[in-house]
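For reference, TrEMBL has these:
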BINDING   165-172, 190-194, 212-215, 282-285, 310-312  GTP binding site
BINDING   SER172, THR192  Mg(2+) binding site
DOMAIN    1-158  domain 'Obg'
DOMAIN    159-329  domain 'OBG-type G'
DOMAIN    349-427  domain 'OCT'
REGION    118-145  region 'Disordered'
Amino acid sequence: MFVDGVKIYVKGGDGGDGMVAFRREKFVANGGPAGGDGGKGGSVVFEVEEGLRTLVDFRYKRHFKGNPGENGMSKGMHGHGAPDYVVPVPPGTIVKDADTGELLADLITHGQRAVVAKGGRAGRGNRRFATPANPAPEISENGEPGQERNLELELKVLADVGLVGFPSVGKSTLLSVVTAARPKIADYHFTTLTPNLGMVDTPDHRSFAMADLPGLIEGASLGVGLGHQFLKHIERTRVIVHVIDMAGTEGRDPYDDFLKINEELSQYNYRLLERPQIVVANKMDMPGAEENLVTFKEQIEDKYPVFAVSALTKTGLSNMLLEIANKLETTEYFPLNEEPTEDQIVMYKHEAEKPEFEISRGSDAVWVLSGSEIERLFAMTNFDREVSVTRFTRQLRSLGVDQALRDRGAKDGDTVRIIEFEFEFMD
Ligand SMILES: Nc1nc2c(ncn2[C@@H]2O[C@H](COP(=O)(O)OP(=O)(O)OP(=O)(O)O)[C@@H](O)[C@H]2O)c(=O)[nH]1
Ligand SMILES: [Mg+2]
């Protein structure tokens with residue numbers, strides 16, 4: 001299958017800082033706290049845009065950063081939150097964390113969204129820290145930094161149409177005459193081992209993606225032949241084109257073929273039969289095909305549209321393509337297994353639990369604290385104000401940092417470092 005891949009960097013916008021401010025009123029010596037909260041940072045969000053077909057845009061732009069939230073202001077005014085940064089992606093985009101390889105999202109239908117880098121929370125202003133015991137706090141929080149990560153995007157183009165049928169009925173030949181794809185064609189079974197994809201341009205200039213699929217045989221749904229692994233590709237198509245060797249070149253009965261393939265499709269997932277199916281009677285240039293077609297049409301009884309073609313001599317193809325294009329226009333993709341989610345937001349990963357902090361020893365024998373939670377608290381602390389620093393050390397204690405340092409052998413007066421901030425350990 002046509003796969004395109006890129007690596008990019010995304011970062012959510014930082015939350016805006018909260019502010020420390022006090023009301024100034026005539027004749028009032030010290031008004032109450034009036035520092036507003038910051039605004040939240042904008043997230044980076046992917047959204048499926050039906051019209052897109054490639055990831056080529058990502059080759060030119062590889063960094064996507066959400067805007068920061070505005071800082072809080074005096075007079076209790078909050079900073080504005082930044083809107084999300086919405087990046088359009090083509091249907092079939094698979095998003096992975098480039099560093100861990102974890103699958104984050106598999107974006108398929110138009111409008112589907114995934115938040116790939118969360119914007120930071122807003123920092124709170126001093127108004128929010130007022131308590132009866134401390135009605136005029138000089139404390140505020142900085143905004144939370146936005147989430148950042150490296151992503152790997154992969155495009156598995158979803159074919160609009162999948163060609164199914166027994167081996168050697170001419171699926172690849174058909175693909176090769178209606179698209180620019182050049183799949184391998186041969187008169188032995190299972191010539192096609194992985195799906196090939198091509199773009200069709202109809203005579204009236206509509207276009208869609210078509211894939212030939214490896215041949216199916218009886219028992220495919222149970223893993224016979226190339227089996228199961230290829231039936232999954234059919235899952236992702238909207239319209240099924242069922243190719244039949246109407247000349248019965250290998251001695252099988254065309255209608256029997258038709259029933260057997262449909263049986264395999266329904267065994268794999270009965271909902272596959274809900275997909276529109278167009279029957280293509282191929283090899284009409286061969287002796288016996290005309291007679292077989294007459295019988296076949298009686299047996300199938302108008303249940304499916306049947307198009308008589310010859311991929312070899314390229315006859316009957318235009319009408320077939322027009323009908324496929326018509327069907328596509330009236331058919332939405334629906335996933336077979338799960339109902340589409342209401343809000344259409346996909347996100348597979350629930351952040352792996354990371355330890356809140358880690359302790360190591362720097363080369364200068366200083367105790368070094370690191371870890372996402374501790375670094376987040378650090379970033380949200382305004383170190384210009386003594387009260388904020390005190391609050392930060394209290395937060396460390398409640399995370400269990402003091403105890404952990406003691407357990408590791410830290411002594412009174414040892415130096416402890418978090419990013420560039422150093423303080424003295426006091427037991
Ligand atoms: N006479 C005739 N032969 C055809 C026609 N279409 C395909 N063939 C021949 O049938 C044989 C099989 O064709 P493929 O296109 O490889 O068949 P396939 O369905 O892709 O087969 P697998 O990939 O093995 O499943 C080749 O020798 C083709 O030349 C046709 O319309 N008429
Ligand atoms: Mg083939």
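Note that Cβ sites are derived from N, Cα and C of the backbone, with glycine treated the same way.
These numbers come from a predicted model, not from an experiment.
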Distance, THR192 (Mg(2+) binding site) to SER168 (GTP binding site) (CA atoms, angstrom): 9
Among LYS171, LYS283, which are binding-site residues, the residue with the most C-beta atoms within 10 angstroms of its C-beta: LYS171
Contacting binding-site residues for ligand 2, chosen from SER168, LYS171, SER172, THR191, THR192, PRO214 when the Cβ sits under 6 angstroms of any of its atoms: LYS171, SER172, THR191, THR192
Helix, strand and coil residues within the domain 'OCT' (349-427) as assigned by DSSP: 30 helix, 17 strand, 32 coil
Spatial neighbours of SER172 (Mg(2+) binding site) among the binding-site residues THR191, PRO214, LYS283, SER310 [C-alpha, 10 Å]: THR191, PRO214
Binding-site residues compared (THR191, THR194) - highest count of Cβ atoms within 10 Å: THR191
Counts by DSSP class (helix H/G/I, strand E/B, coil) across the region 'Disordered' (118-145): 4 helix, 1 strand, 23 coil
